[in-house]
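Feature annotations, reproduced from TrEMBL:
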type	residues	note
TRANSMEM	12-31	transmembrane segment
DOMAIN	14-309	domain 'Acyltransferase 3'
TRANSMEM	43-63	transmembrane segment
TRANSMEM	75-97	transmembrane segment
TRANSMEM	103-124	transmembrane segment
TRANSMEM	131-148	transmembrane segment
TRANSMEM	154-171	transmembrane segment
TRANSMEM	187-208	transmembrane segment
TRANSMEM	228-250	transmembrane segment
TRANSMEM	262-283	transmembrane segment
TRANSMEM	289-309	transmembrane segment
Amino acid sequence: MKNTSINPERVYLLDNLKGLLIFLVVFGHSLELFKDEYFITQVLYAFIYLFHMPAFVFVSGYFSKNLDKARSTAFKSFLMPFILFNIIWNLIAALATWDINQFSFITPGWALWYLMSMFFWRLFLKDLVKIKYILPISFVVGLGAGLFSEFNGILSLSRTLVFFPFFFVGYKTTEDKLFRLKRPSRFFSFAITLLALSFAIFICYSKVFPIEFLYGSDAFESYTVPLWLGVISRLLLYIIGFSFVFVLANTMPSKPTFFSKIGSNTLPIYILHTYLLCIPIAINHFMPYLWIKLAISLLSSITITYLLSRDKTDLYFKKYLNSIINLVLHSESSSTTGAK
């Protein structure tokens with residue numbers, strides 16, 4: 001039976017949105033190790049980080065409307081992949097640095113924080129939606145998380161709290177509300193983009209806080225930022241992040257584009273791209289000129305994003321991932337039964 005409740009325009013709008021954002025995730029990570037060498041890469045990197053993960057988390061919340069399914073699949077869809085790939089990442093890092101002390105089961109390696117945060121968000125969303133005024137509370141908690149050093153990279157606690165407002169607003173956004181964002185003139189989107197770019201330039205020029213502050217992964221004191229400035233800056237980042245949700249929804253097309261297929265297969269891209277980026281990052285280490293480094297980063301990001309978004313890649317990735325997870329869960333179940 002054909003499902004008439006699915007709006008193809010909505011699917012393409014969100015797939016295009018996810019496709020662009022996941023490419024920016026890959027491209028942003030490709031710039032990471034040489035971003036501080038040039039002012040232009042600092043600005044480009046800061047500009048991307050002002051909005052790409054806030055918008056990506058917003059979309060993740062939008063697709064979490066089935067609360068029972070979100071909770072029941074959180075363990076297998078996010079926690080188990082996190083554990084598996086975090087072990088792999090830590091093993092690679094330990095071998096590369098010959099420092100086993102870096103190995104950590106509970107501190108996410110590089111981009112893997114998103115999996116841990118998604119596990120928490122989806123697991124507890126069913127309970128959180130019952131709390132009155134949860135949205136303003138989530139903003140207060142997100143702002144306040146920077147005041148305490150206990151909220152840091154361990155278990156992605158800081159980012160889970162900081163980015164939750166984007167996830168929750170995405171969850172609450174209906175299809176109708178999403179398409180209403182396309183009605184205003186694109187002049188507003190252009191103006192917001194220009195203001196955000198100006199803010200990125202200001203951040204990099206003034207050094208008011210380090211670019212890493214945009215990660216939302218540590219307490220304000222970790223960046224030697226005064227508490228009052230940390231709170232105001234994070235509040236401003238919330239405003240910019242939500243403004244860009246409008247910009248992207250307002251400007252992204254609702255028809256098939258190059259990004260549509262990419263946006264429909266984002267999981268293998270997100271999890272695997274960091275391993276593949278090691279090659280262009282290593283090559284860029286020996287490149288003498290900015291334009292060569294940018295070209296390598298851009299071309300490698302396009303290639304990696306394209307290859308990992310193919311249907312066959314997605315099929316085999318999920319097939320083998322599920323096989324490993326099922327094997328682990330079956331072994332755990334068997335050992336528990338045997339113990340009884």
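Every residue, even glycine, has its Cβ placed from backbone N, Cα and C.
Counting Cβ pairs under 8 Å to the transmembrane segment (228-250), the top-ranked stretch among 43-63, 75-97, 154-171, 187-208 is 43-63. In this chain, the transmembrane segment (131-148) does not touch the transmembrane segment (43-63); fewer than three CB pairs sit within less than 8 A of each other, excluding pairs fewer than 6 residues apart. The transmembrane segment (103-124) and the transmembrane segment (75-97) are in contact, since at least 3 Cβ pairs between them lie under 8 Å (pairs 6 or more apart in sequence). Contact between the transmembrane segment (262-283) and the transmembrane segment (75-97) is supported by 3 or more Cβ pairs under 8 Å, counting only residues 6 or more apart in sequence. Averaged across the domain 'Acyltransferase 3' (14-309), pLDDT for the predicted model comes to 94. By the Cβ criterion (distance under 8 Å, sequence gap of 6 or more), the transmembrane segment (289-309) is counted as touching the transmembrane segment (12-31), at least 3 such pairs being found.
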